[in-house]
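Q: Please see the structure below; I have some questions.
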């Protein structure tokens with residue numbers, strides 16, 4: 001029996017993605033190329049604005065710069081490979097390639113969960129303790145929090161990747177998704193997945209629920225503080241400083257819940273379901289810079305300056 005197992009050990013995976021919806025391959029390729037380019041451009045411009053504009057070099061914008069970095073890296077872990085798969089017949093990915101893709105995807109998504117919690121805490125301090133904000137959110141504190149979010153995200157992913165890829169794979173190698181993600185890869189294992197699933201559940205509960213609660217509690221305090229402000233103008237001003245972040249939080253958690261926690265509907269094909277989840281996964285990073293640049297006058301001003309300098313240098 002061991003020989004049979006050794007003979008059929010998986011050395012590569014096949015990403016079946018949209019193989020059951022071949023008629024939308026080319027329109028989808030065009031759509032993803034456009035979305036990916038807008039994502040890179042939008043987030044790149046926000047990073048450029050924060051780096052070049054002195055006024056934006058504050059903890060709040062350092063956090064936003066990290067969100068833009070994540071929104072560039074996260075789709076970059078899956079979209080280029082997916083574009084290749086849409087154009088070619090070869091949908092294979094090596095065992096190591098699959099492990100690396102899963103590692104970076106989970107690490108970046110995890111870091112984003114922690115970063116959104118830190119951004120909520122930052123807004124909580126700014127609105128609930130405005131006079132002490134500069135004492136609490138110093139640049140050193142901001143760097144420490146950022147280091148913590150990236151370290152936690154990548155460490156968390158390392159644990160999951162090791163537990164996922166230490167399983168035995170000897171049955172099917174067809175990953176029921178466009179990219180290597182924990183649930184579709186674990187589903188292919190021919191050894192017991194109990195430990196990997198329990199680990200995922202426990203760590204997701206501790207870290208995920210913890211980060212979500214920090215975000216939620218921060219906003220409960222923020223809203224109650226805003227409601228106590230007497231003047232309508234004061235209320236509007238306070239709310240406008242956290243409206244962008246609140247929208248991004250809704251978008252992130254809404255799409256995550258939609259992708260991972262919705263029941264698989266019987267009337268849709270699995271391909272349609274995967275398509276919807278993937279569109280959500282690539283649309284969120286594209287919308288984040290749009291939300292921040294539309295709602296934030298300081299970012300708008302800095303972007304105008306950056307674009308103006310670009311146009312001037314080109315015409316000169």
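Glycine residues also receive a Cβ, built from the backbone N, Cα and C atoms like all the rest.
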Q: In TrEMBL, which of 61-80, 161-180 is labelled transmembrane segment?
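A: Range annotated as transmembrane segment by TrEMBL: 61-80.
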Q: I'd like to know the mean pLDDT over the domain 'G-protein coupled receptors family 1 profile' (42-292).
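A: That region's mean pLDDT is 87.
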